[in-house]
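For reference, TrEMBL has these:
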- 1-19: signal peptide (SIGNAL)
- 5-324: domain 'FAD dependent oxidoreductase' (DOMAIN)
- THR43, SER44, VAL166, THR183: FAD binding site (BINDING)
- TYR223, ARG278: D-dopa binding site (BINDING)
Amino acid sequence: MAAPKVAVVGAGVIGLSTALCIAETCPSCSVMVLSDQFSPNTTSDVAAGILIPHTYPGTPIHVQKQWFKETFTYLFAISNSAEASEAGIHLVSGWQVFKNTPKEELPFWSDVVLGFRPMSEAELQKFPQHRFGQAFTTLKCDCPPYLLWLEKRLKATGVQMYTRKVADLWELHSEYNIVVNCTGIGAHQLVGDEKLFPVRGQVLKVHAPWVKNFIRDGDGLTYIYPGIHRVTLGGTREKESWSLSPDPGTTKGIFDRCCSLEPSLRAAQDIKVKVGLRPSRQCVRLQREVLSQGGVKLPVVHNYGHGAGGFSVHMGTAKEAARLVGECIAALQGSSSRAKL
């Protein structure tokens, strides 16, 4: 069988990292990335990019932990390399604070991040509205540079990228042997996934270089995440809202909530507002499927539905998707050798 042709549809962090894993684990493949949007116009470009896992109710915790650990290990190695600045990856320490002590004082990921511990009474004095907190060091991705760094890695590996709007996965069957669906919220229409819904997120990107520590309210709604050049202030979680237009009232609410956690932000400059639609479902859809029409088959691997947690698990799910592509290739080679007999 000739080198299998694999199309990865979607060029956010999930699509690009999946394409990279496929190219590295299946070097005999020729891999193409097809997307109607590339950075800086993807949902991933809006993401805060901090590695604090979101919990998927429909996915076993040990699986989520494995995805997070693989992603953390991968990005930690980059943060310790000469490429850290170009890739936009750095360590950041800070606090997650709660108005009431959470049921789970030790989250499942506490031994993956660095130096996880309960906050001291002295530290909690900074947050008079909060009664309990956790201090730790994690990784932060500045998303636009990271996506460009992934694109550069892909080009160096021989992966080609094309701007193309795919309206139906089946339209790719005559050109590609395997299709990988990393379309995020686009899968709602592309494959008719009714379990997938948008959770609208509005964030502010501000200039406040004195803010060095992250602060996250335990409810996940208010957060301050310092990046290399700008600080991300958030946020919102609006289920089933498809609006990409910034809302001025929401902007004021986010800014006021963040200033109540970190009053020095009142002096922040150059406030930019960004909106993205998190592709949310009960669990990430990470599975093989075979589409068939008139006796013709097209193997598909789905990897989408990461919601608010895409950056925290992207490399773990990309590795799993690449393994599924390997299974598809083995099945194709098996059927082509049987055909020769």
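Keep in mind that glycine also has a Cβ here, set from the backbone N, Cα and C atoms.
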- Item | Spatial neighbours of ARG278 (D-dopa binding site) among the binding-site residues THR43, VAL166, THR183 [C-alpha, 10 Å] | THR43
- Task: Please average pLDDT over the domain 'FAD dependent oxidoreductase' (5-324) for the predicted structure.
- Result: 96
- Item | Cα-Cα distance linking TYR223 (D-dopa binding site) and SER44 (FAD binding site), given in Å to the nearest integer | 18
- Query: For VAL166 (FAD binding site), which residues in the same chain are close in space, meaning a Cβ under 8 Å from its Cβ, but six or more apart along the sequence?
  - Reply: VAL9, LEU34, ASP36, LEU172, THR183, LEU190
- Query: Which is it, of THR183, TYR223, ARG278: the one of these binding-site residues whose Cβ has the most other Cβ atoms within 10 Å?
  - Reply: THR183
- Query: Under 8 Å Cβ-Cβ from THR43 (FAD binding site), six or more apart in the same chain: what's there?
  - Reply: GLY12, GLY184, ILE185, GLY276, LEU277, ARG278, PRO279
